[in-house]
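S.K.: Here's the feature list from TrEMBL:
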type	residues	note
SIGNAL	1-32	signal peptide
REGION	36-65	region 'Disordered'
COMPBIAS	48-59	compositional bias 'Pro residues'
DOMAIN	68-151	domain 'Galactosyltransferase N-terminal'
DOMAIN	158-233	domain 'Galactosyltransferase C-terminal'
Amino acid sequence: LLPGRFSVFPLFFLALLLGFASLLWLQLSCSGEGPVPGGGQSRGGPRQPCPPQAPPSLPPEDEPSWGPHRLALLVPFRERFEELLAFVPYMHRFLSKKRIRHRIFILNQVDHFRFNRASLINVGFLESGNDTDYIAMHDVDLLPLNEQLDYGFPEAGPFHVASPELHPLYHYKTYVGGILLLTKQHYEMCNGMSNRFWGWGREDDEFYRRIKGAGLQVRRPSGITTGYETFQHLHDPAWRKRDQKRIAAQKQEQFKVDREGGLNNVRYRIESQTTLSVAGAPCTVLNILLDCDTSETPWCTFG
């Protein structure tokens with residue numbers, strides 16, 4: 001169908017040119033900078049979504065720009081797998097972009113007692129290894145959206161990343177939950193967290209008193225202008241109901257300071273330890289069996 005003198009090279013060049021023009025048209029139309037597919041003017045309707053782009057490569061940890069410290073990201077966990085799948089790759093990329101050496105520990109409670117966030121953090125601290133020198137007590141359902149947030153080594157004292165001025169839900173001035181950074185030395189000065197809090201809530205309020213009792217001062221972010229939009233809260237209360245049940249003496253005990261227990265008496269067993277990669281992000285899963293003295297804290301069971 002083509003003249004004999006029409007060689008294959010101009011045809012190949014024409015195909016490349018048409019392919020480039022098609023890709024350019026697709027990019028302009030889906031980004032909102034070009035014409036609406038099908039012609040006409042945009043009326044505010046959704047445009048064709050752009051093809052996913054490969055994420056930028058992360059800087060290797062052997063670069064001198066990485067700091068000398070290594071963070072143990074301690075994530076208390078039970079059954080929130082959809083949140084975990086979002087959390088691990090997001091936090092790995094967030095911390096790597098900030099050139100913070102880190103290890104992510106998923107502290108998975110696999111016993112039949114009620115959830116105990118504080119004890120899991122104590123276990124994570126003890127199992128985090130000598131290659132980490134500070135910790136982040138980090139909720140799995142809270143993602144930092146502002147890259148100005150500081151996750152660096154908190155040498156001057158505990159650093160509350162999810163401060164009351166920024167957290168989307170909790171705004172009282174003594175709040176230290178959500179995301180809290182401490183050096184390992186400072187966590188030991190507090191004897192860790194109390195193991196008496198089974199079920200949801202109050203363990204971080206008790207830990208605030210421990211911080212004060214150890215002579216430490218809580219610091220918080222400054223210069224962050226994103227307010228309550230600083231974090232994304234992944235938790236769906238309709239889908240994941242919190243265990244807020246209060247049993248017998250637990251109603252009174254939840255407001256007391258535990259002056260005896262903590263790191264020194266947490267009772268547990270590691271059922272298994274597994275290294276996983278979630279969308280290319282490494283993490284260590286500790287399957288943890290906590291133990292409970294029902295004569296001391298009978299509210300550890302669901303009965």
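Residue positions begin at 1 at the first shown residue.
Yeah, the Cβs are placed from backbone N, Cα and C, and that goes for glycine too.
Note that this is a predicted model, so its numbers are computed, not measured.
Each of these features: where is it, how hidden is it, and who are its neighbours?
M.R.: Taking DSSP states H, G and I as helix and E and B as strand, the domain 'Galactosyltransferase N-terminal' (68-151) has 28 helix, 25 strand, 31 coil.
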S.K.: Mind tallying the domain 'Galactosyltransferase C-terminal' (158-233) by DSSP state, helix then strand then coil?
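M.R.: Here the numbers are 20 helix, 11 strand, 45 coil.
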